[in-house]
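Trainee: Here TrEMBL flags 188-207, 214-237, 257-278, 308-327, 333-351, 453-475, 487-506, 527-547, 567-588, 609-631, 651-674 as transmembrane segment.
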Amino acid sequence: MEKPRQGISTWARAQGEWMRNELAKSPKITTLNDVVCEKVELTSENDRYLFGHILWKVALYSIRRSQTDDRCSYSRSTFNGPTDPMVTCNVEEDLTSCDQLKAQLFVSVKTRKDIMSMEAIEGTMFVSAALDYTGAPANRSTTGGWVSAASILVVELCERLSTMAIAVNLVTYLVGTMHLPSSTSSTIITNWSGISYLFSLLGGVLADSFLGRYWTIAIFANIHMLGSCLLAISAVLPNLRPPPCNPSLPDDCKEANGLQMAVFYISLYTIAVGLGGIKCSVSGFGTDQFDEKDEKEKAQMAHFFNRFYFFISIGTLLAVTVFIYIQDRVARVWGYACCSIIMLLAIAIFFSGTRRYRYKACLGSPIIQILQVLVAAVRKRKLKFPADMQQLHETHSTESRIAPTRQLICLDRAAIIDDDDYIMIESGTQNRWRLCSVTEVEEVKMMTRILPIWATTIMYYAIHAQMITFAVLQASTMERSIGSFEIPGASFDAFFIGAILLTLAIHDRLIVPLLKKKKGTLGLTSTQKMGLGLFISIIAMVVAAIVEARRLKVAKSTSSTNSILPISAFLLAPQFVLAGAAEGLVYTGQLDFFLSESPKGMKAVSTSLFLTTISFGFFVSSVLVAIIRRVTEGGQNWLPANLNHGRLDLFYGLIALLSAINLGFYLLSAKWFLCKKIQRQN
């Protein structure tokens, strides 16, 4: 088992107690007479760890030897009898205080061959640092793998299907049913989307520190389903939505009142809470089903990431086609009811895999570690550094230490040992809000260095926000028929999803083999992907502005009584395709960058940080809409209730300009990051 960074004595006690309890229940374990007696003096924390580790190995070896057919297999059903008398130790008492940590350990091991056999059994039978649903070590053959991961992939597919079926077509519901202005509707959606992803930070803290990933997904999936049900109820009850507009007076529509909007917001933000809890845990729980130390399972984990994003795209594609059609052509309430049913199905499938999942213990949130380093550095801001920097506090083993750097040296003060710290160390206690190790400080520095890249990728998601708000409203005013079949406006996002899948396929099947053959690299680097994606997104906004200018020209020459303009909505396809291609590059580039450039102990918070770029991108869109409405309100309103009377083309042009400026800052940030990375390596 891997030695944990914190709570060594607690870990050792837990493993020893589990071993003792299992031996106490097993009549099939017989005493092995050929033994070597070793006396272990448990006088240090390291001894306590080793003692628990030895007990753990003895338990594994004894369990293996108890099998009549001598197979390396394990089943809890075989444990139901007396303690093996050859293992004598009061674990609860002996591992509690240093004064009582003395015991005689009779080890059922005779030769070095037996010891090596124990190591092999532990490696082949059980997964390091993973538990099964009962809290026992996870058996490799009966837990985890693709069977467990498949259930988790289905949960993500259902979540994407349900969420995107609501999000993509929500603007038409707010404008057409709730009778809100287009700009107000856009702001509501972008704020909701932003807060949804922001909730992933809260969900991440709960998952890492308290609930664990399994219970976080289980609880928040139910919350998501509850929100979908409330939304369906609000869509079916007449009192919870305003009356329909008078067909003869289309501009005389009554907006939703306070009660109706309150119920709508409660249902919508209940979904947001559920979404945040699921997104922060589902990918991590999926990777928990594979053992990184096993080469076969490590390769399967790489395929899991590819299939994870594929399932996201498939779920979104089904949402913007099948489910949007149900909402627009059957009934809105049936569309939202289907979202609830899909989430109920996801929950059932998720719980069905409970016995096969592998679980990881809660090790605490890395966000707490970041705050501890910052607080400790501020507390000791007036202290001077020691003449020898090697005197800074360090508790990590040589293998797991991160070499100190001279960058952001102000944070190194968190590792300075003062007189109060010496007293705590001698007493065997430590306050991490006062004293942190050098490695912990360096991990925070690593997270700080990626912030410029984080900040300069936010702007893309402001462009993404236009694809599910104003672009959908544009399509709703244009000719969308193919023969007698009319395509829902929100279904044009299928071009967006299709472009993502096509871009990923081109990169994996064409670009990767080509670059591998010519340069020996595995495709575009993460920073190259993000830079190319940001550049393509600018082109998407320029094309969108040109198409909108043409649409407005047609609108001015058409009677205002016509709700559908004589111009094909398929003119919007290029902007959806370009924005989708950009997303495929930016999203995968970000995911790769944030996971590869963050410290091992902060992968979860790094994923949450990545999701906040989506959140803040939607917030940027909301801010831009609010500013443009206020600035242009007195004259030519760019974003009026009726887009045919506005200048959405200029708004798109403004976003393209801001994105171009942002691309310049991104290139500078990427160059700075790569230079610093080379300096650290040298």
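Glycine residues also receive a Cβ, built from the backbone N, Cα and C atoms like all the rest.
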Trainee: Counting Cβ pairs under 8 Å that are 6 or more apart in sequence, does the total for the transmembrane segment (567-588) and the transmembrane segment (453-475) reach three or more?
Mentor: yes
Trainee: Hey, would you say the transmembrane segment (257-278) packs against the transmembrane segment (188-207), going by three or more CB pairs under 8 A that are 6+ residues apart?
Mentor: yes
Trainee: Can you tell me which recorded stretch out of 214-237, 308-327, 453-475, 487-506 has the most Cβ pairs within less than 8 Å of the transmembrane segment (527-547)?
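Mentor: Top-ranked stretch among 214-237, 308-327, 453-475, 487-506: 453-475.
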Trainee: Where, among 188-207, 308-327, 333-351, 609-631, do we find the most CB pairs under 8 A to the transmembrane segment (487-506)?
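Mentor: Going through each listed stretch, the top one turns out to be 308-327.
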Trainee: With the transmembrane segment (188-207) as the reference, which stretch in 308-327, 333-351, 453-475, 609-631, 651-674 has the largest tally of C-beta pairs below 8 Å?
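Mentor: Highest pair count goes to 609-631.
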Trainee: State the residues, same chain only, that lie 6 or more residues beyond the ends of the transmembrane segment (214-237) and have a CB under 8 A from a CB inside it; answer 'none' if no residue qualifies.
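Mentor: 155, 159, 162-163, 166, 173, 177, 203, 206-207, 260, 263-264, 266-278, 280-282, 285, 332-333, 336-337, 339-340, 343-344, 346-347, 350-351, 354, 357, 359.
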Trainee: Any chance the transmembrane segment (453-475) and the transmembrane segment (308-327) have 3 or more Cβ pairs under 8 A, given the pairs are 6 or more apart in sequence?
Mentor: no
